[in-house]
């Protein structure tokens, strides 16, 4: 899975952002900057599209790694991005006090939703559109918090697999410190995507590509050499988490007239 023409892809995504913003009547956007590669790529795409009308919002919690904030600030300094830090720690600590039995994952999901609230409040205050940062791998696997990091008005990278994001990041001159570190949702201390999912993005993305783009069945995936455990995990996640990327079903009322 190699990007053959990253320059053309950037132009396509920049055009997408400009067209969608114009259609919705917005000139400014806000991006939640985590210090990871996905939000870094989105911020650079927005900068290419609308320049200084981008604002980056850094929203660390009490368990966010120091490295995450440092890397987000590094990106802002290198590309002169308008930004500010708004800690969600007070919201998180209030949640912990209300729910002392909460597990790290539950707290992490709450923090993702606190960030969504913070982004959308800033969006309303400044008349800015919230731009999403979820990649295709995460969306297909349901690896995100519903109404948390999945909430946005536009998503320029939602059709790009994680391994493609890394390639695009290099083309956009994202700092190596961000590209080379282990991907993490930073939901709790020591968390990493690949550790939690149990497989590397290289392996998962190749399987996802074969299944989604090439339409290979479970039997064909196994015949191609994909590990059985990986195939079963990925197909199960796609099936059980599909609802996360769909609007809630609305009951159709019959016999009204």
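Here the Cβ of each residue, glycine as well, is placed from N, Cα and C on the backbone.
What you see is a predicted model, and the numbers here were worked out from it, not measured in a lab.
As recorded in Swiss-Prot:
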BINDING   32, 33, 34, 35, 36, 37, 38, 39, 133, 162, 184  ATP binding site
BINDING   38, 138  Mg(2+) binding site
BINDING   113  deamido-NAD(+) binding site
Binding-site residues compared (38, 138) - the one with the fewest other Cβ atoms within 10 Å: 38
Site of maximum Cβ density within 10 Å, from binding-site residues 34, 133, 184: 133
Residues near residue 32 (ATP binding site) in space but at least six apart in sequence (CB under 8 A): 39, 56, 57, 58, 59, 115, 119, 130, 133, 149
Cβ atoms near residue 36 (ATP binding site) (within 10 Å, other residues, all chains): 23
For residue 32 (ATP binding site), the three-state class that DSSP assigns: strand
DSSP state at residue 133 (ATP binding site), helix/strand/coil: coil
Nonlocal neighbours by CB distance (under 8 Å) for the residue listed as 'deamido-NAD(+) binding site', same chain, sequence gap 6 or more: 145, 147, 148
Residue 138 (Mg(2+) binding site) and residue 34 (ATP binding site), distance between Cα atoms, whole Å: 16
C-alpha spacing of residue 138 (Mg(2+) binding site) relative to residue 38 (ATP binding site), in angstrom: 11
Residue pair residue 138 (Mg(2+) binding site), residue 184 (ATP binding site) - Cα distance, angstrom, rounded: 12
